[in-house]
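Reading through the structure tokens given below for one structure.
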Amino acid sequence: MINTFVGNLGHFATILAFVSAVVTAFSYYKYSVASELEKANWRNFSRILFYIHSAASVVIAISLFEIIYSHRFEYFYAYSHSSMALPVHYMISSFWEGQEGAFILWIFWNVVLGLVIIHTNKTWEAPVMVVFALVQAFLVSMIMGVVIGDLKIGSSPFILLRDALSSPIFQMNPDFIPADGTGLNPLLQNIWMVIHPPTLFLGYASTLVPFAFLMAGLATKKYSEWIRPALPWAIFSAMILGMGIIMGAYWAYVTLNFGGYWNWDPVENAVYVPWLIMVAGIHTMITFKKSSTALKTSIVLVIASFILVLYATFLVRSGVLGDSSVHSFTDLGLSGQLLIYMLFFLAAAIFLSFRAWKHIPTSEKEASVYSREFWIFIGATTLGLMAFQVILPTSIPVWNALVESFGGISNMAPPADQVGFYTKFQLWFAVVLALLTAVGQFFWWNKIDGKTLKETLVTPYIISVLISAVIIVWGKVYDVSYIIVVLAGSFTIVANATILAKLLKKSTFKLAGGSLAHIGLGMILIGVMFSSGYSEVISYNLSGLTYSNSFEDEINKEHVLLWINKPTQIKDYTAIYRGRQKKVVGVPGLVDAKLLKKAEGVNQAIVLEDIVIDGKTYHREGEFVQIVLEENDYYKIDYYKEDQFAFSLSPMAQYNTTMGLISSPDSRRFLNKDLYTFVSVVNDFDDPEWREDEVFEVAPGETFYVSDMVTKFESADVVKELDGMQLMDGDVAVKAKLIVQDYDVEKVLEPIFIIRNNQVGRVPVIENELGVKVELTNIVPEENKFIFTVNRNQKDYVVLKAIVKPQINILWAGTIIMLIGFCVAIYRRYDEFSKMRDKGLE
Amino acid sequence: MKKGHILGLGIIAIAIVIIVSMLGDASTYESFATAKEMKIKGEEKAIHVVGQLKKSEMGEVEGIEVNENKTSFYFMMVDNDGTEQRVFYNEPIPADFHRSEQVVVIGAYKSDEIFLADKILMKCPSKYQETEVSTAGM
């Protein structure tokens, strides 16, 4: 029976959330302009409204999760994003796989942030919450799913399948409920996809806070006071956005197979750009707090970071990217709404800023070259240019759409080599940034002139040159541009470490945020240079095949074909593909797929042989076991170094009917490098093409060749019982035992020959891995000869790509240090704000 | 001139460099005919061509040849103007390649006969457009 209650509840909560958001905005507006006497009333009223809005938003989220959790496939959202086989933690990923769920997540975070704002601010509450409530109204409208005439407002996640799809089945039976959903995109079936989107959306949501403080400041003529409460939030936002970016990069590294962590894809760029601008904004805001300059720049940057988040959402979710991104969302008809949302806040921000512009205090004095303001301003400018360089080409599809909307024709396409194109600018900008942070930090903590600057910088400079020399020689960095990167990176690490040591000696850890974050930047720079610049494909094809075609020989084959059990040289290693594995619930590691046989239920299998790992028996023959996502196969590849077994890697792949081969890498982690491998082609067992019969006539003890493998016909015996077959009186069953030698692996094949009532029955053996089918076709007792019919097929194989990524751990360590730096800075700035607030100087 | 002005000019100069480099490095959408003209003119830039796989009258994809070691393949593509072209791709064949509705190849002519793709984007029948619901649960 179709359950319409949950959907109706969710839809009702959506409408309630929208209405309450609009009324909250109005009420908070009244509160901010009300007279002192009425303020308390308006405040309580507004807060209650916002609590109602919060409760409604939570109910939206719970309703949607209930639909997924209870497998209510009568709902389109559950049908298209989930399935019975999905474990609970991936149901969480299903929740935000669709755009509607992602908007709900965003709404939820805004509610949390709004509640925190209400309880940590006094005078700022009213105007800030006006902005919050307006944003919420826009966001909730995205999932409203209200149709007025031809106008569709939002796309509701609570629609029923029968309303979403026009399948004939619903005309016959309107109450039809599919037995299973179409499942979650397998690429999202990853633990990082459970935590990455919430982090990223918290980042998106948090850019609203400094923006809301700024709008509140401009509207209430507190042109500079907004900086203090906004600053810890701006740092928080940059920290969370940064963390979201890193998580996304890490997810790509462990799940996707483009061979790296960053691909300059529009979706990645769309988050990177607001982050850069937010970081620039933090720096100018800090400068303003110190010396009353750069207020106007701060205003522009805070507005830009918020609007860029909306623009990013528009780019990714409007369908305008089309072909140019691998993970752009399908158009739900929300592009117009998203555009209005963005333009509304852009217009409001521009209007308020223009009105306030001439009242905004500026500093007339020219910044000296030896002042920290000057250097920070250069740094912020560099960040701004970096953002500009990325957002411009990322928007090429938008430029095309714009030209075409005015009747022109534009055939511009994104750069063919995206990585090379962006890197050649971003790398040098990052080098400039690294140098600026090193010099800037000295200006920041000491008032100095040219002479003392030289004196203080000489020691860090010499140390960093020495360190660079070691890195260059040891890491064999002989490319001039990479040498410069190493120099800049180690210079910023050494210079900031010097400052850090001084700060820790003199005062508290609280001030260390800046230097820590900058040390992180230096490490990221060096880590990226090694892991990307010196990333090396080692799976060159060394099979010795020659081609008739001349141009193909010039192109390096970056993948290698591994036949099962056949040792193949991959640079320093010998790799041997050993077959498929499965992940079984309750068993550590992976289990050979040949020990399991698929059973009736979803993710269920029968054990064919005892599962023993390290001497412990986990499951006995005949038991039922639960597989973790049965469609996932892990391809075990053993690596040998100098004839010694070194390690095994099991990259995952699944054949997905809608998306083709989904392949995830498996990497061997060393301290100084990763060996990153993934499979790009796998064999299809389901549809074998057996070649013609080959007939062998052999006596027991003789050897012959099956598919080029030495095969010994060990024995043939009359057997009394057979697995899975009832023998009757008078039946004669003969089981032959063949031992096939494939490299270092011996396989026993036992085809069976039965005579019952003068009829002959044959049970052939199909060995998928070796690609052979053997049948005991006949027995010639007079000559003691046995006749076998052999059909050949392809042996099992994988096509593998292996890449070495040097020093990638420096990159990950750098990102962690940078995030810690941000956290220290948040603590310090929030502490400042709360002390001033408690003094009544909010 | 004040320092601020020099700085401003510097920023504008860098911004112009960025824009010019974007225009220079941006690829374009071409047909096989115009791509060949570019090759004859000596332009080596990688371009985008949009089209479909060549299909027989029966609707079966034809002209795919996978090399013996399975690490690269050739296929026949028909661009939106109807020009047929043999394309080489130095990567293993994607599992659902023959099912793709639309193919975008990014690359350039290597010789007069062969278009060498550096990258292929495929558009496959999306699950969002699926209108057939499995009736297994009836």
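Backbone N, Cα and C atoms are what each Cβ position is placed from, and that goes for glycine too.
If you check TrEMBL, you get these features:
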type	residues	note
DOMAIN	A:100-318	domain 'Cytochrome c assembly protein'
DOMAIN	A:343-536	domain 'Cytochrome c-type biogenesis protein CcmF C-terminal'
TRANSMEM	A:12-29	transmembrane segment
TRANSMEM	A:102-121	transmembrane segment
TRANSMEM	A:128-148	transmembrane segment
TRANSMEM	A:201-219	transmembrane segment
TRANSMEM	A:231-252	transmembrane segment
TRANSMEM	A:272-288	transmembrane segment
TRANSMEM	A:300-320	transmembrane segment
TRANSMEM	A:332-354	transmembrane segment
TRANSMEM	A:374-392	transmembrane segment
TRANSMEM	A:425-445	transmembrane segment
TRANSMEM	A:457-474	transmembrane segment
TRANSMEM	A:810-827	transmembrane segment
Across the domain 'Cytochrome c assembly protein' (A:100-318), average pLDDT on the 0 to 100 scale:
90
Counting only residues 6+ away from its ends, which parts of the chain sit with a Cβ under 8 Å from the transmembrane segment (A:425-445)?
370-372, 375-376, 378-379, 382-383, 385-386, 389-390, 453, 456-457, 460, 481, 484-485, 488-489, 491-492, 494-496, 499, 502-503, 514-515, 518, 521-522, 525
Using a threshold of three or more Cβ pairs below 8 Å, and leaving out pairs closer than 6 in sequence, do the transmembrane segment (A:457-474) and the transmembrane segment (A:201-219) count as in contact?
no
Verify whether three or more Cβ pairs under 8 angstroms connect the transmembrane segment (A:128-148) with the transmembrane segment (A:332-354), leaving out any pair fewer than 6 apart in sequence.
yes
Long-range Cβ neighbours of the transmembrane segment (A:457-474) (under 8 Å; 6 or more residues past either end)
438-439, 442, 483, 486-487, 490-491, 493-495, 498, 526
